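Chemist: Per TrEMBL, the feature domain 'PA' maps to 89-165. Annotation comment: TrEMBL describes 1-21 as signal peptide. Per TrEMBL, transmembrane segment is recorded for 189-209, 250-268, 274-297, 318-336, 342-362, 369-387, 429-448, 460-482, 488-507.
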Amino acid sequence: MACRFGTLIWLFLIGLSLVFADDVSLDEDDSTSKIPGCNNKLQLVKVKSWVNGVEGESFSGLTARFGLSLPSKSEMALRLPSVFSNPLNSCSSSSSKLNGLIALSVRGDCAFTTKAEVAQSGGAAALVVINDKEDLYKMVCSKNDTSLNISIPVVMIPKSRGDALNKSTVNEKKVELLLYAPNRPVVDFSVILLWLMAVGTIVAASLWSEFTSERTDERYNELSPKESSNVETAKDDSEADIIDINAKSAVVFVITASSFLVLLYFFMSSWFVWILIVLFCIGGVEGMHNCIVTLILRNCRNCGRKTLNLPLLGEVSVLSLVVLLFCVVFAVVWAVHRQASYSWIGQDILGICLMITVLQLARLPNIKVASVLLCCAFVYDIFWVFLSPLIFHESVMIAVARGDNSGGESIPMLLRIPRLADPWGGYDMIGFGDILFPGLLVSFSFRYDKANKKGVAKGYFLWLVIGYGVGLFLTYLGLYLMDGHGQPALLYLVPCTLGLIVLLGLVRGELKALWEYGTESSPTVNNSGGA
């Protein structure tokens with residue numbers, strides 16, 4: 001019963017991260033201006049800083065549609081002192097000396113082009129505009145501009161970085177900046193690794209039952225009648241833990257997931273994220289424990305027979321207890337070092353084990369329920385990524401996935417891999433929901449093929465795995481074409497999986513059997529063992 005409850009909780013929580021999110025989000029209009037001098041390509045900027053000669057942490061900025069282009073290599077850029085304009089908004093002539101310096105200005109009160117013209121007239125070598133939020137706003141020309149002749153670089157940086165520069169300046173420290181715009185690789189190797197992880201997780205989860213069933217069958221042959229009876233009881237309990245999703249629960253799930261998402265959006269804070277981190281650790285420990293014990297018992301049938309009598313717990317397998325302690329330590333170490341550069345490894349291991357376990361405990365009975373669930377998730381994903389800005393003035397899904405207002409904490413319900421060849425660093429990420437929702441359908445196709453003795457080519461499992469891989473590739477392509485804007489992956493994955501199995505079933509004349517599979521009215525399928 002506890003297992004069923006835990007699975008339901010996780011089926012709700014996975015709806016919090018259905019977005020394939022990049023770490024850099026440019027969420028304003030990107031229309032190219034036809035005004036002369038205002039048609040520059042927007043580029044991410046690397047900003048290096050020194051305070052009293054001591055180099056600090058580098059951070060990112062964004063160029064404007066206007067102004068001088070920055071060099072692509074740091075060796076070609078100039079390291080210059082910076083000073084805040086006076087007034088801070090740089091909307092009128094500055095009383096501060098700007099000649100040969102980098103002018104710092106806050107956003108607001110006048111057009112970006114006006115700020116740049118004022119800074120340039122004061123002799124500034126560059127203008128850095130500090131945004132009033134963490135997003136990197138795209139600085140474009142105003143409607144009143146007809147022609148521009150701005151010959152200095154203009155860059156925007158996040159609010160937190162501007163606050164840090166302001167603090168150093170107030171303390172009368174010398175702040176120097178170096179601005180350059182390194183080229184970003186079209187494809188990073190991490191994308192391939194993440195693709196393999198996502199596809200591999202679904203394949204492993206679908207085939208996992210083969211490991212379990214093989215071990216169980218062998219134990220039936222060797223145990224005494226009494227032990228065999230206990231094993232059969234355990235098997236029945238295990239079957240009872242499985243949740244067959246129905247059409248009604250699919251709709252309720254999407255509504256509940258939306259409620260969780262809105263709750264996170266409005267009340268996002270470090271303590272709220274910590275609750276999710278604790279839940280993730282609990283789920284990860286359970287998933288990791290299940291996977292490790294299953295793999296060990298498959299290769300060593302006698303390893304689980306030694307037991308201990310413990311207070312409150314009663315008779316416990318030594319193997320299970322040792323593995324549990326290891327998993328708890330693993331999760332705790334990850335939680336303590338979750339901000340470290342290598343923490344993604346532990347997060348991915350816990351996440352993959354958790355998803356494999358969830359896909360063993362939750363399953364779709366037929367294509368009818370799959371259609372309801374995936375179509376609802378399809379609409380849910382698109383709405384909260386692309387349509388929610390019409391109501392909330394920003395993408396709710398992306399804001400939650402980025403961890404806005406979370407005090408630097410990030411939501412753990414996603415797989416992530418650092419971008420190895422990217423000068424900006426950061427991570428490529430995919431939400432658990434983008435693996436679990438299609439994974440439920442892929443797992444169903446494997447069970448269906450096995451029950452109807454279908455071969456690889458004439459079955460559905462292989463084709464759905466290929467469809468999922470293609471859908472994920474299209475997600476990456478959409479991410480690239482939209483300049484890193486977070487993508488609702490189910491927009492691509494649902495047509496490539498649900499659409500594919502419906503199309504194949506229709507062509508093969510088996511759609512009715514797939515649609516009503518597992519019900520009393522389910523038609524008989526003509527089995528084929530062809531390869």
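Any Cβ shown, glycine's included, is placed from N, Cα and C.
What does the local environment look like for each feature on the list?
Modeler: Computed over the domain 'PA' (89-165), the whole-number mean pLDDT of the model equals 83.
Cβ atoms under 8 Å from those of the transmembrane segment (429-448) belong to residues 11, 14-23, 194, 198, 201-203, 205-207, 209, 245, 351, 354-355, 358-359, 362-367, 370, 373-374, 377, 381, 401, 413-416, 454, 459-461, 464-465, 468, 471-472, 475, 489-490, 493-494, 497-498, 501, 514, 517 of the same chain, restricted to positions at least 6 beyond its ends.
Listed by sequence, the residues of this chain that lie at least six past the ends of the transmembrane segment (460-482) yet keep a Cβ under 8 A from its Cβ atoms are 20, 22, 186-187, 191, 195, 198-199, 202-203, 206, 430, 434, 438, 441-442, 445-446, 448-449, 454, 489, 491-497, 500-501, 504-505, 514.
Panel annotation: around the transmembrane segment (488-507), residues 18-20, 367, 370-371, 374-375, 377-378, 380-382, 384-386, 397, 430-431, 433-434, 437-438, 441-442, 445, 460, 463-464, 467-468, 470-472, 474-475, 478, 513-515 of the same chain, lying at least six beyond its termini, place a Cβ under 8 Å from a Cβ of the stretch.
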Chemist: Which stretch, 189-209, 274-297, 342-362, 369-387, tops the Cβ pairs under 8 Å count with the transmembrane segment (250-268)?
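Modeler: It is 369-387 that shares the most Cβ pairs under 8 Å with the transmembrane segment (250-268).
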Chemist: Under an 8 Å Cβ to Cβ limit, what residues of the same chain, 6 or more beyond the ends of the transmembrane segment (189-209), are close to it?
Modeler: 294, 348, 352, 355-356, 359-360, 415-421, 427-430, 434-435, 438-439, 442-443, 445-447, 461, 465, 468-469, 472-473, 476
